[in-house]
Every structure is written in C-alpha cells, then in structure tokens.
Amino acid sequence: MADDTADGAVGSKDGRRNSSDWPAPAGGVELVRIGQRDSLTVFDGSSALSSGSVAAANDSPLRRNQYLAQTSSNGRMKKIDFVLTYHQKHDDSVVASAGMESSEQRENELRNALIDALRVEGVDIEAPSSSGSKDLTNGDDSNYGNYNGGDDIVENENGGDSSETKIKYLLLHATFPLLARYAEAIKLQMPLRDQSLVDDANAAEGTPIDVEQAQFDCALWRLFRHSSDNAGDRNDLFTAPFQKDRPEMFAIGDRPEDREDFFTSAQRSLLLHTALVSLPEFNRCVSTGAIKEAYPLHDGSHKLSASVSSAQVTGCDNDRQELNLLWVSARNWYRFQPLMLIRRYFGEKVAMYFAWLGAYNMWLLPISVLGLVAFIYGIASVWSDQTVNQICDDKTGAGNLLMCPVCDQACDYWRLNESCMYSRIVHVFDNSASVLYAGLVSLWATCFLEFWKRRQFVLQYQWDVATCELDEVPRPEYTKLHALLRGSRYCFSMVTVVFMVALVLAVLVGVITYRVAMLVVFSSISGLGVFMSNLRLITTGTAACINFVCILLLNQLYKRLAMWLTKLERPRTETDFEDSYTIKMYCFQFVNYYSSLFYIAFLKGSFAGRPGDYARFPMLDGVRLEECDPAGCQVELVVQMLIVFVAKQLLNSATEVGPPLIRRILGSRRQKQCAAANAADSNKPPWLKDHCLTPVDHLQLFDEYLEMVLQFGFVVLFVAAMPLAPLFAMLNNVIEIRLDAWKMVALMRRPVARRARDIGAWFGILTSISALSVVTNAVIVGFTSEQIPKLVYQFTDGRGSLDGYMSWRLSLFNVSDFETQSVPRIADSAAEVNVTQCRYRDFRYPPDSANRYEYSTAYWHVLAARMAFVLVFEHFVLVLKALIDLAVPDKPGVVKEEMKRERELLRKALFTHAKTN
C-alpha cells in the first residue's frame, strides 16, 4: 500500500533497538538478527555476514552456485559479484586456422586486455564450462574462449543456418582491497566500530528517535505493518565515510577473512560496477560489442519452497525470497512495503522510488474518500437540481425550447430536452461540492510535497546518501566540450523539443477537425435513432480514442529522439544525464497528454462565434469551430480524462509485465531454454538463469517515475472536472506496486545497487504541477463550470432561485439572419417549417434590441464574477500553500538531533584513532 514509516519517524542507528517496519538507516552493513536465516549469523566482531565469501564447508546446492569454483587461501569460497557476457561464433583455434581477419579476433584481443586490467585492479575471474571453470585470475587466459560449457545458451542467428552463436560468461569476484579503494573514492558510509555514544538515560528511555517511533506504534498502525519476524529486522550502527587506511575505525571483524564479508552484496555490486566503468578497457569492450552485457547476480531463486510459511520468513534462503514473500505477494497488498529490505537488496535508488510511491499512495487515500463523497453528492442531487429539471422538462420547462443547429446545413433544429442525459452527467461532476473539492486538492498537493520533503530528509539520513551525488564519477561517454559547441547542442535540443510540441498541437487540430466532420456527417444521415440523440458523446469518445492512439505513437518517436539529444549534450554524470533526459521527456509528455484537456477545459466554445457570425477554420473550407453543449463542455472533459487517464493506466500495467510473459510463451529457442533454466527443479547455474531475465539499465526507473508524475498531473490539474481521479489513481497504484515488485524480483535481472539522495528532477516537476493546479482548477470552476453563472443569476434576476435560469442563459436568434452556408435543411414537419427564432448558448441581446447580438449586461456581470472568483480562489489557495510551506519544517528536529550525535561519535572515533596511532 504505502511505505513503511511515517513523517518524522526514523530507525535507530545506535545498535540497540529497531522497529521491524522502519527502514534501515545505515549506509553500510546491515546485521542479521539471530534466527532470521539458518545460514547467516550475527556480527559480533568475530563472525561475519555472508556477503563476500563463506566457508567452503557450506556446500548446499543453492549456495554453492553463487560462488566461484576457486577458493581463497584460507579455504573460503568467493561470491560471484558480477557477470560479463560475450558472443562467440567460432572457437579461437578456428578463427586462427582460417586466417579470419574478423571482428571476433579483435574482440578477443579487447577482452584479453580487459582481463589483464581487471587482474591489476584486484578482481578474481573465472570462465565457466561444463568440464570445469577456468581460473583467469593468475594469467591463465590462453584460449579462454574455448571453454564453451554445456550451460551456455545457444542461439541460431541465421535462421536455418547451421552456424550458431554461443553466449559465453566471465564471472567476477571483487577482492577487499578493490572494494576498499572504491568505497573510499565514492565516500561510501560504513558502520563504525565504536558505538558507545548512548548514555544511561537513553538506554532507559530510548533515544529521541525511539520516542518519535512510539507515537506511531498503535494497534491500527500495526495492522498495516509486517511483524518483527517478517521484516528481516536488522540492527544498524552509526556510520562514517570509509577510509581504507583506517580499517580499525570500522566494524570489521578481527579475523583477516572478515574483511571479505564487510560489504553487503548490493554494495559489492555497486563498487565493482564503479571499478568497471572507470576502466577504459571495459568501455572499449562495451562500445565495440566485445562485452555484450554486465550484471550482478540475484541471491538465489525467488521461488519459495513448500516448507516456507506464508506468514513467516523463517526458512527463506535469501533476501530475494523474503521480498517475494513480503513484498510481491498479493496477500500483503494492504501492508506497508518493507523498504529496509528493498534498499538492502536493490540499493537506495530503487528504494527511494518505492518510498515515494508508497507515500504518494498513502496520501491519495484521504483525497480519494473526499472525491468519492463529492461524486456521490452529485449523483444524489441530480434529480433535485433545478437546472437539470428545466432542461429535461419538455412540457412546462425550458426543455421545449428550440435550439439552433450545431453544424452548417446538414444539422437540423433540435429541442433542448435532447440534452437531458448530457445535463445530468454534467451535474454529477459539476456541482457546488466540486468547487470546495478543487480547493482542497490544491492544498492536499502542497501538504503531500511538504511531507515528502521531510520523509526524504529522513531517508537521506537513514541511508547515508545525503552527499552521494557530490561524489559521482564522470560518465564513460563524457568528454568536455567547448562552451560554444555545448551551447549550440543545447539550442538544437530546444528547437527539436519545440518542433515536437508543435507536432503534438498539429495532431490536436486534426482530432478537432475529426470531431467537427463526424458531427456533420452523422447529422446528415436520417433514421439513426438513439445514436443521433447521443451523437455528441459518441464523437467525443471516438475522438478521445484516436487522440490516445496518437499519443502512444508520438511517445515512441520522442523517447528515442530525447535519448539521442541527451547523449548529444554529453552530460558529465549519470545524475546530469537523467535530469536532462527527464526535463525533455516530461515537457513533451506534458503537451502530449494534457493538450487536449487544456483545449476542452479552457478554449473549446470560447471563440466559436454566434449564429450568423460563426468563427471558422480558414484552411479547412470554412468549417465552423466547435461549440459546447448548452449544459457546458464538462462532459467532454470527463470523457477525455476517462479514456486517456484510465486507458493509460491499464495499458501501462499490461506493457510492464506483458512482454516478458509473451516472450516466454511465444519465444525463440533461446527463450524456451531460458524457461527450462528457470524451472523450479532446474540445476542450471545462476548466471545462466539471470541472463534469461529482462535486462535493466540505469534508466530503469524513468518510465515508472514518468507514469506516476503524469498521473499526479491528472489527479491535481483537472480534479475539479473529475473528482474520481484520485480514487482511480489509488486503485491503480495498489496494483502497480505489486506489479513493479513482481517484475523486479521475478522477471528482471538484479540492477546495480545505485545510490540516490532524492527523486531527482521529478520533485521540481511535482512542485510546478502543484502550483499550476491552483490556476487550472480555478479556471475550470470559474470559466468551464456553470457554477458562477448560476450564482450571478441567483443574486440578480433569479432573486435567490434558479427558476428560469436556462431561458436567461440562452440567447435568441432570428433564423432569417443565418449566413447562406449555415441555413439548415428544414425537416418536413409543420412544427419546424415555420421556425422564426432559435436559441444558442451565450449572453447576447435579442434581435429586436437596439444592440442586437451584442454582449448583454449579463455577460459582463458573469465575466466579472468569473474573474473575481479566479483571483480570489487562486490567491487564497496560494497564500494557504505558502503558510503550510512556512509552518512545516523540511527537516524533522529529531533527525537533526541524531545527526549531531553521529557527528560527535565520528569526532570521537577519529580522536581515538589518532591517539592509538
């Protein structure tokens, strides 16, 4: 459901107490509680975590495949930290004997150079084969490519050709000296040995953080939390940036072999990946195709054995199984996510996304309930609304009023009561409750973002990532460009983005033209019955579907274009790359998804003109601009939101998990071999099983963030027109969290455990959307809704009542004043032949007035009231948002107090080290 903590509540870093569902704060080692796993032990200074190597005696089949065949000098097995793959079509001996001057030979040379560089760095390497693994660590790399092995997946690249390309593997293990060097280089926070900064008072009453946690420890809260046994509870220590020259400062065991177990498997993958990308040889191999893929291994299978309880993690062999039990399982849909476990297994970047998604979904709950209440109120009051009853009454009410045709020539006159159903739908979404709800949602968005800023600061402290992005290494592709060249590339990117935005607007014009054309075509066909009475709804729905298909097609085009433009700019770090790519993609997606909604909400019908003087498309043979129904454009806005918003959610859920499943069912020989490799009883090695999973890259979370941020825009920008949007979003996200969890745990390779201190450029985008929502909702209520004209009528001509409102709202027109091209084809009925006047939706003087067809006094009264409402609503909500921002501190005081204690402990550790050395 949501994440596993509340604002201001922080996990303990003093090594004494932890609530099971509060995220683990340490940036370094996370220690296993006794009884959690049979094969893991508690760190006490003399024993070690099972992260880097284990005693060779641990010979269970599940664990044995996670380690190299070679052992260290003390007999301990070496964990596989990374896997490199490459393709080979011929053995080296075949290439040499045939004298092939091929890319294969050059690729072998590049791989040999990479292996030499990895040896120097301190990486143990093996090339697995069916007859045994080849140890390449000590220079024995002659013809390593010939160790094909029966475990290699074989692909036939040439269809019926007999030549086959074999996928080969290099297994890497990082030694402690390499890990220590890069941990110091990236300032990785690791636990200190001295944890004695807990006074007697804190020991008795708990730290300030403990007291803060206790405020949330109620029976209702515990219902949504996992039990202590189920959360993989870890005791955490105060941390400091690792220093390889001062290992005695840190919580490393006294035995030499304990150094290999100091870093967790996620940290080992991060450090080894950092070492790999810093090697020119590795970057050359990747760019030339000598190395196809590089990925860390999952910690064993995610499938649970029959002996594992559905309610307890006792018996789980690894964190992946525990995640499958506590996070992926549908039975835990209502529980908070085990963020500590997610962070330990996937790293801070992935955990930060799920923390934000959980917080967002938790905050959607109250606003969804209020939206449902507003919707129910609209349904309950629709039969008693005076305006709706006037439209639907074809005897004594306004329903018998004759309306002007909605298109030229082909359309006939029609009665107002034909909009009865339309007006009832409008009232469900456009009522007095929607005005209050729009203001509440704008304030809600501010409260949510303020909560997230506090939550994010807590996570930065807990996970020791407050400064991680300041320590990023340059990207391998980065080259320093001259300022003039860099500026020209940025300008080119901006021009391209503007062009794509113009393309989206051109598509919007095409959809508008379709709606007008279909209205004309179907109006000219007689005998359509029910279809004709709902023509406006049908054309709106089909146009929205066409618009959605265009949105999807443009998405695919622009995604590739934005990636190319971002690479052209040569950003320095991965964070710079992601931020630049994010801004480009969101600017385009904003226009792509929201342009049709902005048009309907703010522009449609505003410039259509009047009978006798219609505004027309100058380049479309004089086709009239669109008009709104007498009940307003609200229904069209609702239909557009339902189709684009709901269909987008369903399609995203299907595309996230559909392709991997389809590939398994309808895949090639390789996919079938992959399915066999991942079978429950398969003895295939883990690098083969993981290779069959969906690859990931450093932008793996981009689509997830983009989907949720676009959803946030739908929720807050147009909520005045669609109060059910938060409810739809929350229901989607409950499923989305479990689908994403299943995808990451079961369908995808394990990503490199990258660090992140925040959600990147997305927070600035969310803040901008929150501010813009005040304006959009104010304008929707003020100008698109009928609430303001109704209030004006009640306080002027209506004298407190809405009786006669529709007659006041509709203006009169003499049919003799029609333009030639607008004169309708009169039906053969006596009632229609003698038509002299018809009505249209506007505030204008009647034809017998001295100011005929000019804007009436009522128009200016309504316009002034609308503008006054927008200004008052906007300023009132913005002032409240500013007060909330000032009143709620971004950094909880309890966290700042804990940070002071940690700095004091670090100073004490440095002083102690200086005295003893």
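Cβ coordinates are placed from backbone N, Cα and C, and glycine is handled just like the others.
What TrEMBL says about a protein is an automatic prediction, not a curated fact.
Annotation comment: TrEMBL describes 1-27 (among others) as region 'Disordered'.
Taken from TrEMBL, the feature region 'Disordered' covers 126-159 (among others).
According to TrEMBL, the feature compositional bias 'Low complexity' maps to 139-151.
Annotated domain 'Anoctamin dimerisation' per TrEMBL: 157-339, in sequence order.
Look at TrEMBL and you will find 342-902 tagged as domain 'Anoctamin transmembrane'.
Annotation comment: TrEMBL describes 350-380 (among others) as transmembrane segment.
For 434-452 (among others), the entry in TrEMBL reads transmembrane segment.
When Cβ-Cβ distances below 8 Å are used as the criterion, the transmembrane segment (490-517) is approached by residues 407, 539-540, 543, 546-547, 550, 554, 557-558, 561, 565-566, 568-569, 584, 587-588, 591-592, 595-596, 599, 617, 620, 623-626 of the same chain, each at least six residues removed from its ends. Sequence annotations record features per position, and here TrEMBL assigns transmembrane segment to 490-517 (among others).
Taken from TrEMBL, the feature transmembrane segment applies to 537-558 (among others). Long-range Cβ contacts of the transmembrane segment (537-558) within its own chain (Cβ-Cβ under 8 Å, at least 6 residues beyond either end) map to 422, 500, 503-504, 507-508, 510-511, 514-515, 518-519, 522, 531, 585, 588-589, 592-593, 596, 635-636, 639-640, 643-644, 647-648, 651.
Under the heading transmembrane segment, TrEMBL lists 590-609 (among others).
Marked as transmembrane segment by TrEMBL: 708-729 (among others).
Only residues 6 or more beyond the boundaries of the transmembrane segment (759-783), in the same chain, are considered here, and those with a CB under 8 A from a CB of the stretch are 352-353, 356, 434-435, 438-439, 441-442, 445-446, 449, 452, 456, 575, 578-579, 582-583, 586, 598, 601-602, 606, 637, 705, 709, 712-713, 716-721, 866-867, 869-870, 873-874, 877-878, 881. TrEMBL lists 759-783 (among others) with the feature transmembrane segment.
Away from its own ends, the transmembrane segment (434-452) comes close to residues 7, 356, 359-360, 363, 366-367, 370-371, 374, 378, 715-716, 719-721, 723, 726, 763, 766-767, 769-770, 773-774, 777-778, 780-781, 785, 787, 873, 876-877, 880-881, 884-885, 888, 890 of its chain (Cβ-Cβ under 8 Å, at least six residues beyond either end). Restricting the average to the domain 'Anoctamin dimerisation' (157-339) gives a pLDDT of 73.
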